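Participant: The structure under discussion is supplied below as structure tokens; questions concerning it will follow.
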Amino acid sequence: MSDSQPGSTSSTGGKSDSGYIPGDDTWTQWRNIFAILTGKMTDEGKEQFRIARDIRNEAADCKRCEDQRDYLLQYSPIIRFLSDNIRQLGGDLSSHNIYCRRCTSRKAGGFDPEYGILLCANEMKDQGHLEDTMAHEMVHAYDHLRFKVDWTDNLRHAACTEIRASSLSGECRWAREFFRRGQWKFTQQHQECVRRRAILSVRARPGCKDEAHAEKVVNEVWDSCFRDTRPFDEIYR
């Protein structure tokens, strides 16, 4: 028998060279978890484990996401405020066009002017994370209606709405950065978080050449876009 190729399955219990063992039973799951904890699973194996877990938990993840989405639409002050302001501009975001789905890329959500908001149910850590993500995407929706954002070709537009969404959604507040992302700074923390996340978002767009290009575009619009807190009177949280 020939040696197993990288990423292929060997003859020992289905285990691959990545350290990941396919299977949904409890024993196999524990073996995979211990392989991760002891450093015996490669990054490729960890990704295989994550994908299998997300597929296995898809129905439960989406149900939890939908329940939390509906609760936030009814009771969250920031979500209700953004919903009201979007409605005043002629838009409508509610459970019929805020979708909870399993995503294959590592992102929390997205906004599409034609279809609405996508929430990646398999990436949501808790209801607070879902609230931040909804608020972020709803700021994009507000900007689309209020400022006629060119999502396709204008990187300055993209940078501006990313700055505003990261700043106003709450995802860059100190507690979120400190406890979830391990950012320990006390001074200028909010601004640095907003800038970092805006650069990452712009960098991922097709028209952006590289990180230096993304940083340049963000810097060009930073002052005016960071100061613009509409529809809030100030940064809400």
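Just so it is clear, glycine is given a Cβ too, placed from its N, Cα and C backbone atoms.
Dumping what Swiss-Prot says about this protein:
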| type | residues | note |
| --- | --- | --- |
| REGION | 1-23 | region 'Disordered' |
| COMPBIAS | 1-19 | compositional bias 'Low complexity' |
| BINDING | HIS136, HIS140 | divalent metal cation binding site |
| ACT_SITE | GLU137 | active site |
Participant: Using a Cβ cut-off under 8 Å and a sequence separation of 6 or more, which residues in the same chain sit near GLU137 (active site)?
Facilitator: GLY109, GLY110, PHE111, ILE117, LEU118, LEU119, ALA165
Participant: Does DSSP give HIS136 (divalent metal cation binding site) helix, strand or coil?
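Facilitator: Its secondary structure by DSSP: helix.
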